[in-house]
Structure formats: C-alpha cells, structure tokens
Amino acid sequence: MQSNTDSSTSGTYSQTVGLLYVFNLIVGTGALALPKAFQTAGWLLSITLLTFSAFMSYVAATFVIEALSVANAVLSKKRRVEYDDVVVADGPSTFEISKKVEVSEMASMFLSKVSLVFSYFAIIIYLFGDLAIYSTTVPKSAMNIVCATINASTVKSSDPCHESWPEILTRMTVYRFFVIIFVVVVCLPMVIAGITKTRHIQIMTTLSRWAAFILMISLATMQLSSDGAAAHPPAYNFHGFGSLFGCAVYAFMCHHSIPSLITPMRTKDNVFGKIALVYGVVGVFYFTLSLTGAFAFEHVQDIYTLNFFHDGNTSFIYSIIDYFLALFPIITLTSSYPIIALTLINNFNVVKDILCPKVGQENESLLEADSLVEDNDTDDEREARNARNEKSVFDVLVPALVLALPTFLSLLTDDMLLLASITGSFPGVAVQFAIPCLLVTAARKHARSVLNFPVPRKNNSPFQSPIWIVLISSWAGFSMIMVLLNLVGVKF
C-alpha cells in the first residue's frame with residue numbers, strides 16, 4: 001500500500017495526457033446515476049448542487065496536491081539526512097512533486113493515530129460501497145438483457161422475467177442469480193489470482209466509456225429533437241436532495257488517485273488552473289448527459305444505459321448500439337472489480353497492522369522459536385511450515401469479508417441510485433472532503449514547524465485561508481444531515 005515511486009523511473013507522460021487521465025478518472029460509471037437524480041430532484045436544484053459540489057471537490061483536490069508537495073519535501077529531507085547531503089539546502093525545489101506518495105502514506109506521515117485510523121476506515125467503507133455498486137450494476141444490466149424489455153415506471157422486481165417462464169423466475173430472482181454468478185464465478189477467481197488492469201484493458205475501457213457517453217448524449221438529443229420532451233421535471237424537489245448529493249459526490253470522486261496521476265506529469269506548471277479546466281469540462285459533460293436524459297425519457301432508469309436498451313427503436317443499427325450500451329457497465333466494471341477488491345484487502349491489512357501490531361511481532365517470535373527447535377528439518381519441510389505459519393486468520397477472513405458484505409447488500413437491493421447516494425453521501429464525503437482537509441492542515445503545520453520552510457506559491461493551493469476548510473466542513477456536515485433526513489422520509 002505504501003510506496004513512493006520516482007516518476008523519473010516509473011514512466012512519465014505529458015501534462016495533457018495526465019489531465020486526460022484525470023478526466024477519465026472523474027467521468028466514471030457514477031455518471032450513469034445522474035440523469036435519474038436530475039429527474040428526481042429537479043433541473044434547477046440539480047444544476048446548482050452539482051456546480052457547488054464540483055467546486056468543493058476541486059478545492060479538496062488542490063489540498064491533496066499541496067499535501068503531496070509537502071510529502072515530497074519530507075522525503076527529500078529524509079534522503080539528505082540518510083546520505084549526509086549538506087550541499088542541497090532546504091528550499092522551494094524540495095517541494096517539487098517527483099515522488100508518488102499515496103494518500104494513505106501521506107496520512108501516515110502527517111496525521112495522528114486517531115485521524116489515521118479514521119482515514120483508513122473511511123476509505124474502507126467507501127470501497128465497500130464501491131464494490132456493492134459494481135456487484136449491483138453488472139447483474140442488473142445482465143438481468144435486463146435477459147429479461148423482457150420494459151421501459152416503464154410500473155415495472156416491479158416481482159414481475160416475471162418472461163411471461164412464458166415459471167413464476168419463480170421473477171426479475172429479482174434472475175438478478176440475484178446474476179449477482180452470485182458475477183461475484184463467485186467471474187470476480188472471485190480474479191481476486192484470488194491478484195489480476196489487475198493491464199494497459200490493453202485500460203485502453204479498451206477508456207474507448208468504450210467515451211463511445212458510450214457520446215452515444216447516449218447523441219441519441220437523447222436526437223430523441224428530443226424529433227419527439228420533444230417526454231418528461232417535464234420540476235425546477236426543484238428537495239425530497240430528491242439525498243440521492244442527488246450522493247451521486248454528485250460519487251461523480252466527482254478522484255482524490256484517492258490524484259498522486260498516481262499528477263506525479264508522472266513531466267511538467268506541473270499551472271496545474272491548479274488546468275485541473276480547474278478539467279472540472280469545468282466534466283461539469284458541462286455531466287450537465288449535457290443528465291439534462292438530455294431527464295427530459296428525453298418519461299422514466300429514467302437508475303442505470304441510464306438501460307433506457308436505450310428499452311426504447312422503441314428496433315432497427316439493426318439501433319439494436320447493436322442498444323446492446324453495446326447495455327453491455328457497457330458489464331465490460332468496464334468487471335475489469336475494475338478486482339482492483340477495488342485488492343485495494344480494499346490491502347487497506348484492511350494496514351488497519352490490522354496499526355491496531356494490532358503485537359500480533360505480527362508475536363508471530364515473528366514464534367517463527368524464530370520454531371526455527372531454533374526444528375533446525376534439522378529439510379528445506380522443503382521448513383518452507384511448507386513457514387507457509388502455514390504465515391497464513392493467519394486475517395488472510396482468509398479479509399478476502400471473504402471483502403466479497404461477502406457487498407454481495408449481501410446487492411442481494412438485498414437492486415437500487416443502484418440508493419447505493420450510489422449512500423456511498424457518496426457518507427464515506428464519500430469523508431474521502432472527498434474530510435481527508436483532504438485533515439491532510440492539508442497537518443501538512444502546512446509540518447512544513448512550518450518541522451521543515452522550517454513555507455510551501456512555495458507554485459505548490460500552494462489557491463485556497464489558503466482556513467475559512468475554506470471551515471466552509472468545506474460545514475457544507476459536508478449540512479449535506480449529510482439533509483441526506484439522512486431524506487433517507488428517513490422527512491418531507492420538505
């Protein structure tokens with residue numbers, strides 16, 4: 001989990017390519033829930049909330065970059081101490097971002113143990129929600145491909161998958177069957193084998209993502225032009241605030257991966273301004289996707305791609321496009337699931353080491369004792385015994401929990417909008433807002449008191465006033481309260 005990699009040796013790319021990676025990271029499958037949220041909450045409230053949420057997300061992203069520069073200065077000073085390098089003095093150059101320091105490692109550098117554990121737990125719960133969304137979206141898409149196409153608000157999970165099928169095979173039964181198939185047959189072997197995304201899969205998913213979103217915007221626009229608006233969402237509906245806010249946070253989530261994308265950039269000139277431009281482009285993209293969908297379809301599905309699979313166009317070309325859009329979440333999320341699962345396992349192991357450090361030390365002592373007692377064993381016997389000793393309860397329990405809990409949530413509900421709103425509203429708020437605020441506050445203090453040098457203007461977030469941290473914290477707190485009130489059924 002903790003790895004600082006020199007960008008000069010791990011591969012670099014131009015700033016333009018890096019910004020494109022940031023764009024691709026932000027525009028993920030969370031965008032598929034936005035059109036439904038727009039239609040539920042109203043177009044004016046949605047535009048206002050999404051704009052404000054995007055701005056707050058951008059402020060938090062600049063905090064992560066500033067903390068990253070301080071982390072690089074800390075590592076630079078550590079290297080000078082280790083190698084007794086007195087030639088290079090402390091200065092602005094030590095804050096240059098040349099080493100990749102993950103958010104988890106920055107938390108270990110700057111935060112207290114309580115804040116560190118909070119950060120890890122927030123990331124863990126967020127990743128749990130992420131996996132639950134994945135293991136809901138893929139099976140629901142597969143179920144809609146297999147079952148009769150219904151594009152209406154009257155469809156129920158208890159409806160039969162096909163009229164000619166046995167009554168027991170309802171849409172929910174088929175969905176749950178696909179949940180088990182997806183997790184046990186497809187994803188579990190990849191997680192056990194430790195398969196991660198290759199370059200070719202990354203290129204394929206990026207191209208399919210761009211093609212899918214462009215097709216959805218184009219088809220919805222064409223439908224509006226030819227048939228007019230099928231729905232007339234209100235300007236605002238505060239009862240839809242909860243789902244909208246959660247989806248807005250989820251749709252702009254990128255902070256946990258910023259170090260991996262920013263560090264390899266060959267030049268980081270005006271990086272804050274250019275990332276602001278990326279956020280602006282993403283915002284326009286989201287508005288176009290969501291507004292066209294909210295008005296073009298009478299009933300927007302919680303997985304937006306399903307609206308096109310269920311439309312009235314039956315020509316050969318449209319059928320190919322519809323099946324591609326229906327398969328799009330299956331392709332992209334299946335390739336990402338093992339990465340999220342392995343990241344979650346790593347975070348669990350780190351928290352275990354933080355909370356129970358003595359367990360590892362005791363195991364080491366036992367291994368040393370065993371080696372003294374059984375020095376006469378053969379190499380094969382010693383190797384087999386060590387492998388058995390190294391396998392603890394956690395090694396079996398953690399992967400089981402990682403897959404079992406999100407799968408259980410997916411078996412309970414197929415409401416992807418609900419899962420996205422809860423994941424974005426609670427753990428998502430911590431990952432996107434709370435952790436960056438904690439990091440930048442501690443990093444600035446560390447730069448002044450330990451490094452004895454302020455963060456250079458080039459690496460400074462444009463939002464230096466403590467008021468911004470208070471504002472983000474207040475916004476996050478207010479929003480979580482609103483979401484909670486909506487979830488318990490309070491009317492506004």
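Placement of Cβ uses the backbone N, Cα and C atoms for every residue, glycine included.
Within the list ASN151, ASN363, the entry that Swiss-Prot describes as N-linked glycosylation site is ASN151. Taking the topological domains listed in Swiss-Prot, VAL101 lies across the membrane from ALA142. Among residues of the same chain six or more beyond the transmembrane segment (393-413), those with a C-beta under 8 A of the stretch's C-beta atoms are 128-129, 131-132, 134-136, 139, 176, 179-180, 183, 187-188, 191-192, 341, 344-345, 348-349, 352, 419. The recorded stretches the transmembrane segment (416-436) and the transmembrane segment (177-197) do not share 3+ CB pairs below 8 A when only pairs 6 or more apart in sequence are counted, and are therefore not in contact. Residue counts of the topological domain 'Extracellular' (135-176) by helix, strand and coil are 18 helix, 2 strand, 22 coil (DSSP-based). Beyond the transmembrane segment (238-258), the same-chain residues lying 6 or more positions past its ends with a Cβ under 8 Å from any Cβ of the stretch are 22, 25-26, 28, 30-31, 33-34, 36-38, 40-42, 45-46, 49-50, 53-54, 57, 60-61, 64-65, 68, 103, 123, 279, 282, 286, 417-418, 420-425, 428-429, 431-432, 435-436, 479, 482-487, 491-492. If you look at the topological domain 'Cytoplasmic' (437-466), the same-chain residues 6 or more away from its ends with a CB under 8 A from one of its CBs are 59-60, 62-67, 69-71, 73-74, 77, 90-92, 94-97, 103, 106-107, 109-111, 115, 119, 272, 472-473. Here the topological domain 'Cytoplasmic' (437-466) is broken down by DSSP into helix, strand and coil counts: 17 helix, 0 strand, 13 coil.
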